[in-house]
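Written below as structure tokens is the structure these notes are about.
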């Protein structure tokens, strides 16, 4: 069997699994097209995230463990771009907040300038401390009252700065931009240090981003969540009330409720597939371009590349920003799909380390591998729970009814998910360390 | 008198909790730094190793409590701790034998070990949730306070009380003992020295007849013990929840890196630096300042620099500042 | 990309997750020791007509023979890239010797790992990274004696007598010492096993001429105790002056062999390798 055939079969396998999920309810399948499409949609988004990480790790060996943060920034972009404008928020405190943020930024810039241009010594440390502390208090003095006035506006529903009221699809590239901006800042600091500290920097920043989203109520309502975000597709209720849609559904032999949910989810699937294919195509083009060849040359021998006059840090920064932007886009897509932003639900196991499992299992350095890994691992992530319950029922079938162990085992079956992900990762790392679709 | 009150308030709300939290972080960071120095990778499963150790200890504690065994005023968990350590050592050695050793034989690059540790992290995380569930578990018993706020007020006649929880005192005392034993082991014993030698220069260690597998075995045993102790102390002081332990990874890594990865002394210093910066920056200083400053200057607000949810941000900011000025950490990151 | 997928790190050098400092780079010819057998006669230590290279790579040595006998100093010299260090590493088991044998004290040790050769009595001082920089001088010596189960305080005293400066600095981290002092620590560490033969890979690399002279004096002193010394040297002239036996290698082959004096007197050798 040739490699191409094997790889195609792997994709076919994932496809068949999702089809079976829709068609039959034997074993762990649910037999619901709705569920199949839900898996497919998040699988497509996961595949996009995996491409972003694969670009960083596969092409440049950058170990990013802050994927969660970039995804969350994408989500924030959806709120900031697509929710309606709240004029009162801007008139009462918006300007103050912007001014405070500018002040904060200026303080940081001033601090950087001082460290750069003043001779090292006690004086510099003193000036630096004074500027930083003064800057912080000025920032808080402007920031705090503005924030409380913004948060006071209709707190049950809004209490935040609102958005721009633009079409939600614009939020996807905006999410990419936001993530790229953050990545630039992180990369500039962490990659510029004498030896790079990217992993710990991204790990920390991701937590900070989530902390900001959870606490800065003026921005995205914090843990109160933003719900009912605008969506690019019609609402199911509207479809069900549309006579022509009901008629068409009837002609396929579907009831209106099922038809409308499937219609909307299929619509998302289509849009996500378009984005995925576009990004995949671009990633493939980039990989084959002189730029991609240079990236791989740097990866395989950094010293030689440096000797040839390549600015390695700059290239690394470039690719880090690009990869993070892709994660940001995926994050925006995910928030659009959920049509809500819930900062409390971001968890590094799910949003950072699971993506790593996808990349490693799929094949680091291969974009198709990343896509496969994204879809496959997501399928397992969802289906391991029913599989676990099935397994536990089998294991406990011989046990006495009402035994404590049996109850515990059945109850804990749902926790097998993390265990299984670890097992899959270890098995792949051991027996197929380059992943299912290895880099050529 | 006001100054005394301010001092007591400071001790009560900043210094005592900071010392306890710092000790817990230091013990965690020591484990990370030992693995980094000797096995040469950052172990992402460390938080979950701590959770596993704490879990075994909790289960044994419950067993002891159910048969009525107790340590008097001290938490029963102290009696269960040795069993927790043994269980975690068994798990660590089993993991090494079944997972990590293969990669050593392959002479795999450290970053591959990092990925492997991600897999181990998932498995341990799942295992702990599978056995004890994802929820909060409390297992502290015995005397709650060494000094309660009320007793302190009665004793001294001050307005401010100073409360020292048993678990806090226990944490600091245990940490001091453990660190002293560890340093004695690393610096004075033949095995300890061979571990440092292996960390310093693997090739030369081999040529000197040091058996790497033995060094690795001892390292895992020590790290498992450290992780269990840190996990149990943290759980006693706060509470046990698997996800919290996983999240401790960031401050623990930050401590180890701030101090200089691979340097045990640095790990301890780093632990306290991170702990105290978190506590001081997220503490509402109103009380202390009201006592400490003349009435005209007394603050109106809470004088809290940042909300407590930003404690991760604090660890991280400290980390960046340190790395900007000292790229290898405060104590030059070198051999164990 | 590395051939071994487990060694493919994608060029990652992230210091916050991986520690590349002090990691092993040694690629011994054997991971596990094979059998040894007795052979009669011959010099005390000999690498006999060795042909081989690193791993599966091309041959670097071609029928190269290096030997040293009791009470002798043997020196390997030659131009850059002649395979001097390689020849010594072959004797020490770091090279795939495809034909030829290595014999020590009447025993064929060709199949042994470097570690087991140390146990058989070979003391080896690598050219670089030859001390534990973060450990004190005394700890370095203790680690040298790691395989010994008997009391090694006498040996340590002997090392201190040989290198008095080390006694003064015994509690100082070895990494803080000067270049010459570090080399003394390195040699001292190797002597702690009470080796039957001492092998030095360019002991004077990177030290000043004065220090170099002193190091040579010490090496002669060690040799006078009856310990055979095999040494690779860049400074051919000085090295041959103290050598009982000299090997001039060119492109992995023996070009000239003789006593130090003979080689120094040989006009061909003088012209080609000693600068006239």
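Backbone N, Cα and C define each Cβ position, glycine as well.
Unlike curated records, TrEMBL annotations are generated automatically.
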Candidate ranges B:77-99, B:146-168 [criterion: TrEMBL lists as transmembrane segment]: B:77-99
Best-contacting stretch, by C-beta pairs under 8 Å, relative to the transmembrane segment (B:169-186) and drawn from B:20-39, B:51-71, B:77-99, B:111-132, B:215-236: B:20-39
Cβ-Cβ under 8 Å with the transmembrane segment (B:111-132): same-chain residues at least 6 beyond its ends: 39-45, 47-49, 51-52, 55, 58-59, 91, 95, 99-100, 103, 242, 246
Spatial neighbours of the transmembrane segment (B:77-99) far in sequence, C-beta under 8 Å, 6+ residues away: 49, 52-54, 56-58, 60-61, 63-64, 69-71, 116, 119-120, 124, 139-141, 170, 216-217, 220-221, 223-225, 227-229, 232, 235-236
